[in-house]
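So the structure is just underneath, and the comments pick up after that.
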């Protein structure tokens with residue numbers, strides 16, 4: 001029975017989600033990142049400019 005705990009741990013490690021962003025790929029988010037910009041919740045900081053929206057309008061697409 002102790003082997004089941006070891007097998008469970010091995011399967012848990014094998015079937016983990018892949019590394020990287022777990023954000024859903026909304027069309028506006030993909031377009032923002034394709035242009036080299038990034039998404040930020042709230043207003044963009046002073047040296048940055050909002051160029052659009054991300055996550056279906058919930059975030060701003062900030063440009064350098």
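Just so it is clear, glycine is given a Cβ too, placed from its N, Cα and C backbone atoms.
Annotation comment: TrEMBL describes 1-22 as signal peptide. TrEMBL lists 28-62 with the feature domain 'Beta-defensin-like'.
Taking DSSP states H, G and I as helix and E and B as strand, the domain 'Beta-defensin-like' (28-62) has 7 helix, 13 strand, 15 coil. Summed and averaged per residue, pLDDT over the domain 'Beta-defensin-like' (28-62) gives 92.
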